[in-house]
Structure formats: structure tokens, C-alpha cells
Ligand SMILES: [Fe+2]
């Protein structure tokens, strides 16, 4: 994925525009951002007289979609349910119970977002406790199992075919967004039940092979290096904001995968300047499919969306704030949302499991 800004220093202007994007829009207009590379590349802003989402009907398969993951029922102790996927990234809903076997993903890196629940993760590299709001990053090939604590568990699993890395901070400096010193890694402990038979369920090309050992296979007594399991909590991510300018979603990038990016939208103050937009501009994702998972708080730009729901805005059709969100945003000082976004360069496909929990009327929710 290329993350360079190829914008022209002297953009063209035709008709009624604002010279500063997202600020002081021409009276009676709605701004649309038409941009390459998910807000990183060449961009034009279009000033329209109607919200571009004010369609009356849609015929054909392309439409904004929404799914209620709360209605999915992942099996136990560890049976992730895939709901969206392409060749680079697969999104699953997971509700593990105490696993009496280990799991190893040979197909990709696993990034978990703990939406609900808590527990202990045993890995090749040691043991790590986790709680709500944690991201857990497990490199491909790690052997692990979840030991959740009592109560409901609900994790979003973002499975990445390529290696997960973090974006460059560039001029923000190395300690911005989250200080790498806030990352926690596992601690070695003696393995549980070292003398019984243990199975490792290895996923390779989406098929499971079970390998059995007469001992606990997580028997590592020491390790050194820079490839390991790690954890960061959303409360330790400090979003970058501007009081005078609505920053694009790319400012909230948390992880990079191959041909996709994971962003985190977190509680933050709204823009202060009266002419500065406070809600996301309309756009059509010309290069990315955009998936948003809503975890907590009030989702200020979306009506009818609650915790545990997902929206999917595919390439080619517009989305943007719901009509009441623009005036409503003027009545508040801040947003308290916690949401995870996955922007995928290649088109995603919904699985039959997703179709079963689709909010069918979502496409008409801008009316
Ligand atoms: Fe978007």
C-alpha cells in the first residue's frame, strides 16, 4: 500500500467552492470528497445542492449494507464466524469459551478487538491478560488459546494475509497516537497441565489439521527478538484532532495490513471553529471498501446503529452523515464513540452468515 500524498500545490477551481476543504462551505451546499487512496492521494471536492445519499431507490446488488453481529452465534469453545472477506483480510465474530486445545493460524496474522469480555491469552511467547477495548495482535504461526473470564465474550477478529505493522507517525513524532511504550507483551509462565495430551488446531488454507503432543506445546522458557504477540488498549490511543479542520479518517490509522488499513475512532472533542465541518464529508470510496464496527458510545453520524453492528460501504456508491447528524453535531462539544474501521483496497464479499443478520433497510436510512 502506498501512503504518499501526490496532491498538487495549485489545485484547479471551478464554480462555487470553498478554498479550504471542510471549512465555510458555500451557502446551501453539501461537500463531497472525491479522493484516491482513501484520503491520501489526489483529491477533488465537489459542492452539491443535495446530499448525494438522498436516493429514492436502488436497483442492483451495489448498496450500503449493515449487519447486526449481536445476532450471530459463534460456536464454542472457538469457532469464529466469518462475515466479510477478500484475499487480504477476513472479518470474523468470535465468542470463545475456555479452550482445552491450542489454535494456530497459518493463513495470516490475527488482530482481535475485544468488544465485550475479558480473560487470559496463553501464547507461544507467554501469557497476556486482556480486557474490553484491547487490541491483541498475534503474528501468523503463533500458537494460542483463550481462557475467558466469566460473562459474555464478543471479539472482532481481523485476519490479515500479510504482516500487520503500524503506520509512520511522520511529522507527529514517534510518540504520537500511541506511545510504543504503552504496548504490552506476554510474560512467560510455566505451562498449564504440562503432562497431558494437548492438541494444536492449525488452520491452513481455511482447513483445520489437529497435531497432538504428549505435553503442553507452549513450553518456551525464554525468547528474544522483535516478533511477538502484543496488546494496546483504545484508552491508550490518543487521537489527533484539529479545532479548526475535520481530519480525514486516515489520521486515525492504527494498523496497516497488505492492501487494507485499520483505523480507530475514539472519544474526542469536535472542531471548535464555527465554519469547520464536524461530521464526515460525503464520499464514494473510489479506491476502498469501508467497514465500520461500532463498539461503544453514541455514533454521531449514524442513526439506528448500535454497539455490535457493522456498516459496509462498498466502492462506487456514496455514503456520509445521516441527515439529522449535521445539525445535531452543532449541539455537542465532543463525540464519545468507539469504532473500528477496516478499509480494504480490493472488494469484499459478504458471507451467508452476514446475509442472515443484515439490516435490510440500511440503504434507505438517509431518507
Ligand atoms: Fe467513509
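Every residue gets a Cβ built from N, Cα and C, even glycine.
Predicted, not measured: the structure shown is a model, and the values here were computed from it.
Note: residue 246 (active site, proton acceptor) has non-local neighbours 22, 271, 276, 277, 278, 279, 280, 281, i.e. same-chain residues 6+ apart with C-beta under 8 A of its own C-beta. Under the heading active site, proton acceptor, TrEMBL lists 246.
Other C-beta atoms found within 10 angstroms of the C-beta of residue 289 (Fe cation binding site) number 22, with every protein chain shown included. Here TrEMBL flags 283, 289, 319 as Fe cation binding site.
Around residue 319 (Fe cation binding site), the C-beta neighbours below 8 angstroms that are at least 6 residues distant in the chain are 53, 64, 282, 283, 284, 285, 290, 311, 313. In this structure, residue 319 (Fe cation binding site) is part of a beta strand by DSSP. Per TrEMBL, the feature homogentisate binding site maps to 319.
The average pLDDT for the domain 'Homogentisate 1,2-dioxygenase N-terminal' (94-230) in the predicted structure is 97. Feature annotation from TrEMBL assigns domain 'Homogentisate 1,2-dioxygenase N-terminal' to 94-230.
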Local backbone state of residue 289 (Fe cation binding site), from DSSP in three classes: strand
Non-site residues, in chain order, whose CB comes within 8 A of the mean position of the CB atoms of 283, 289, 319 at Fe cation: 64, 284, 285, 288, 290, 313, 314, 315, 317, 318
